[in-house]
Amino acid sequence: MSELKKMKIRLLKLHPNAVIPAYQSAGAAGFDLCCVESLEIPPLGRALVSTGLALALEEGYELQIRPRSGLALKHGITVLNTPGTVDSDYRGEIKVILINLGAESFSIQAGDRIAQGVVSRLSIAELCEVESLDETARGAGGFGSTGKS
């Protein structure tokens, strides 16, 4: 397997309870983000959860904030705006919007892993207005138009 490019991300702890993110396995795509304070999210409730961290990404990259699959499966906890995007020029605190889709309140303790961050290279689109678009077999069909499942 080829060597993956490693990028240094400068982190600033904004809160004494902030946890420096870590990858949990050699093949993990994302590193875990932890919360700095305890809170409870009621069923169908949402919360803006602080990580106590700010960071600086290299230009041309973004940080995607994604749900942790175990929290989603076991408790119905997910990232509301998944994937959340942290731009390379943002320097404020990284916060995560969590929603509880489960039937019971969910308690989070300071230091709990609440989401994962995935660094992704950007492609910047050049948007060009045109008079018409090329025809395709699919056409304008959407929202289930290509099959049952």
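Using N, Cα and C of the backbone, Cβ positions are placed for all residues, glycine too.
Less than 8 angstroms from the CB of THR85 (substrate binding site) sit GLU62, LEU63, GLN64, ILE65, each of them six or more residues away in the same chain. DSSP assigns THR85 (substrate binding site) to a strand in the three-state reduction. Here Swiss-Prot flags ARG68, SER69, GLY70, ASN81, THR85, VAL86, ASP87, LYS95 as substrate binding site, drawing on sequence analysis.
On its own chain, VAL86 (substrate binding site) has LEU55, LEU57, GLU62, LEU63, GLN64, ILE65, ILE94, GLY117 as residues at least 6 apart in sequence with a Cβ closer than 8 Å to its own Cβ. Under DSSP, ARG68 (substrate binding site) is assigned to coil, being neither helix nor strand in the three-state scheme. The 10 Å shell around the Cβ of ARG68 (substrate binding site) contains 20 further Cβ atoms across the protein chains shown.
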